[in-house]
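A.B. asks: Take a look at this one; I'll ask things after.
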Amino acid sequence: IGTKLGAGPSPPEEGWQVYSSAQDSEGRCVCTVVAPQQTVCSRDARTKQLRQLLEKVQNMSQSIEVLDQRTQRDMQFVEKMEVQLKSLENKFKQVEEGHESNIARQYKSIKAKMEELRPLIPVLEAYKADALLVRQFKEEAANVTELLGSLQEQLGGLDYQEVHSRVMDLENRLRACMQRLACGKLTGISEPITMKTSGSRFGSWMTDPLASVGDNRVWYMDGYHNNRFVREYQSMYDFMTTDNFTSHRLPHPWSGTGQVVYNGSIFYNKFQSHTIIKFDFSTSLISRSRQLDFAGYNNMYHYSWGGHSDIDLMVDEGGLWAVYATNQNAGNIVLSKLNPNTLQIIRSWTTNHPKRSAGEAFMICGTLYVTNGYSGGTKVYYAFSTNSSTYEYIDIPLTNKYSHLSMLDYNPRDRALYAWNNGHQVLYNVTLYHIIQ
């Protein structure tokens, strides 16, 4: 490019000009821009910012895809319910028109079924609206990705703030949407999927619910005491198909099967103590340890299967929890929300459920769910909500395929229950319904 000397001041550099930014009738973002000439160096700082924005939107798109799959799966269940409800309505009409005694008997059973399904009626419409919302998010994310892609090709100076605020707005609305759709009340547990058969009768296995996209490592701990080696498999596929793993040696052996991996660290109960340890895998160091005051240990308040299962650590959509029992609460379950950085108790709830008569327990959306046993026919029958500090008795069957559960934990990223069932590592999908306020 030639340079003219003494020709007066050069015109100001023209960057991206955003003429308008609005929404169309379906709520999608519409943006009109005029591109500059390609005169800006590709190593410009804005190009780097643009790449980061593009990566952020692509991450959001993956989240939307997961959300879409979950919503579609739940929609299928909801549609079946809708068919059943319509069928029941037709039967009611027939009953109203007939007066025979066998019809009266049918009426009684239909009425019972209708009572069971009645709470689902407001849920049907909510799910249809949610499915539409997810589709709109998918379209909007695709539009933003396309815009950022074209901007990246031009490598020009752009109105970064305009695009940035648009991406931030989409991310905030998506997070709010996912929070709303992710949480709800447990209404069903799928048949078990056996991922692997290995190890002893007792143990635990898990993935990290806060792992970054692409990090699918599986963590595996065999036995309930006097062991301090944690296996790390690179992926679920590796875990299922090979014996290739990295071994981590913990500074102290663990007690029970209530360990949890959360945000790159493992949280576990130190053997023969009421101390909780946070061990960082990246540094191979203890980053925090703290005593859980008054918590029973050393088989004082174990689950009904035993195995030093006094302190059970778990994670749900709201964070890190500890389930244990104390003398002060007469051996009944105490539930504490923990700060994952300091291990301090944020808040505790006392329940009326004896810890030693619980089979296993897990947290979903701030509610503690407890099974009635660990062997034979098993069901989730007790739920304590921390949001309302109330409990209820429920009846959700849990197929206990191998007849001895020694670990049952929920993972909010997968929306699945991980279980160790008599030397088998098993997954269950769960069905959650919105709690209609």
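All residue numbers here begin at 1 and follow the chain in the order shown.
Every residue gets a Cβ built from N, Cα and C, even glycine.
Those TrEMBL annotations? Automatic predictions, nothing curated.
Feature annotation from TrEMBL assigns coiled coil to 50-98. Feature annotation from TrEMBL assigns domain 'Olfactomedin-like' to 182-434. Per TrEMBL, the feature disulfide bond maps to CYS183-CYS365.
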A.B. asks: Let me know the model's mean pLDDT on the domain 'Olfactomedin-like' (182-434).
C.D. replies: 96
A.B. asks: Let me know how many other Cβ atoms fall within 10 Å of the Cβ of CYS365 (disulfide bond).
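C.D. replies: Looking across every protein chain shown, the total is 19.
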A.B. asks: Can you tell me how many other Cβ atoms are located within 10 Å of the Cβ belonging to CYS183 (disulfide bond)?
C.D. replies: 19
